[in-house]
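Novice: One structure, pasted below without further comment.
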Amino acid sequence: MATSWASVFLLIIAYVGGTVFYREQQTWFEGVFLSSMCPVNVSAGTFYGIMFDAGSTGTRIHVYTFVQRTSGQLPFLEGEIFDSVKPGLSAFVDQPKQGAETVQELLEVAKDSIPRSHWKRTPVVLKATAGLRLLPEQKAQTLLLEVEEIFKNSPFLVPDDSVSIMDGSYEGILAWVTVNFLTGQLHGRGQETVGTLDLGGASTQITFLPQLEKTLEQTPKGYLASFEMFNSTFKLYTHSYLGFGLKAARLATLGALEAEGTDGHTFRSACLPRWLEAEWIFGGVKYQYGGNQEGEMGFEPCYAEVRRVVQGKLHQPEEIRGSSFYAFSYYYDRAAETHLIDYEKGGVLKVEDFERKAREVCDNLESFSSGSPFLCMDLSYITALLKDGFGFEDGTLLQLTKKVNNIETGWALGATFHLLQSLGITS
């Protein structure tokens, strides 16, 4: 174990009264920079990390390349290779071996990306998020054990606890660290950080650095996480709302969450085309759904349905109303699909832009002919989540991004930092 790692990014999590505390002596971020301008010599100081993100709608692999250009100094983040498969592991709740095979498929990407000489010292880890949190514990563990066997039979380094379900708050914190690191907000003192909004299939996270003492005083217990970085202490507001992801919200809007069973029942909504009769599988369960054949249809009745899902159920910190946030995952996907932003480059939107597009789509459901039949519902839910859930103002600016400096946003990079440090891995 290289001694230069003994004091870098020591990430210690302790639950005290529901609060997550992070402690470090000297952060690894002080010496990690994107070095895309520097060519990589694989034989001289290059090493790798493999992080699997097992989400509710798909499983994603991130293969990170790091370069140690000078012995004894901290490494550079050279780049990332990303791939994914659908559906997510939770869809294989009753076929765990088949679920593990999807991970095996993605492991081939890592083999193709990493030189054989580096396999044995490259760690591989899978962290599952809300999709597996929603499953019965025994079934979730059975899935994870099958994945662990895949890892053990691979040529890569398999650390203890290589396969686990990640706490939602941890997910939000690591995403905030990743985005603020990639945007350069954590490289020096006195710079303003940005908040992060992550919308997955089963859960959603909000994380930001409060600037007002009032926010700290009024925040509910368990929503604050303290940690040290750059010899400064940060106290983040962070919370993960399980069941408020985009696809879980569809079930709530349809009334499927309260239903005793799904067989023979068609769930209907004003957010869907009147003529629609279809089926949808989520979390391994098949749902029949359709439009209101006789009832209302369009934005106003749809918005009333989705507002009931979030209203009064999320904490609304006043401070965020005028703050800037980075938003990704389904925020990005739905904005790109409806041409609110460029699919490759992303863009900046106001919260009200989601509502404008929702009205446009929902009030033209009769002419709907292609794309997702849930588009009206999804856009309306995103609008309600931002406005009625979190309490953002119409004019709040959101930076929608999938990548920063060609690196995927989300929690995976932050988690890989922690993984490599905890194992003491350098070149």
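Residue numbers in this text run from 1 along the chain shown.
For all residues, glycine too, the Cβ spot is worked out from N, Cα and C.
Feature annotation from Swiss-Prot assigns signal peptide to 1-24; the stated evidence is sequence analysis. The active site, proton acceptor feature in Swiss-Prot is assigned to Glu171. Among the features that Swiss-Prot reports, N-linked glycosylation site is placed at Asn231. Residues annotated as disulfide bond in Swiss-Prot, with similarity to another entry given as evidence: Cys271-Cys302, Cys362-Cys376.
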Novice: Per DSSP, Cys376 (disulfide bond) is which: helix, strand or coil?
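Specialist: Helix, per DSSP.
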Novice: Select the closest residue to the residue listed as 'active site, proton acceptor' from the following disulfide-bonded residues, measuring between CA atoms: Cys271, Cys302, Cys362, Cys376.
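Specialist: Smallest Cα separation from the residue listed as 'active site, proton acceptor' among Cys271, Cys302, Cys362, Cys376: Cys376.
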Novice: Hey, what's the Cβ neighbour count for Cys271 (disulfide bond) at 10 Å?
Specialist: 31
Novice: Count the other Cβ atoms sitting within 10 Å of the Cβ of Glu171 (active site, proton acceptor), across every protein chain shown.
Specialist: 26
Novice: Whole-number Å distance between the CA of Cys271 (disulfide bond) and the CA of Cys376 (disulfide bond)?
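Specialist: Distance (Cα to Cα, whole Å): 6 Å.
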Novice: Just going by other Cβ atoms within 10 Å, which of the disulfide-bonded residues Cys302, Cys362, Cys376 has the emptiest spot?
Specialist: Cys362
Novice: Do you know offhand how many angstrom separate Cys362 (disulfide bond) and Cys302 (disulfide bond) by C-alpha?
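Specialist: Cys302 (disulfide bond) has its Cα 8 Å from the Cα of Cys362 (disulfide bond).
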Novice: What whole-number Å value do you get for the CA-CA distance of Cys376 (disulfide bond) and Cys302 (disulfide bond)?
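Specialist: A Cα-Cα distance of 8 Å.
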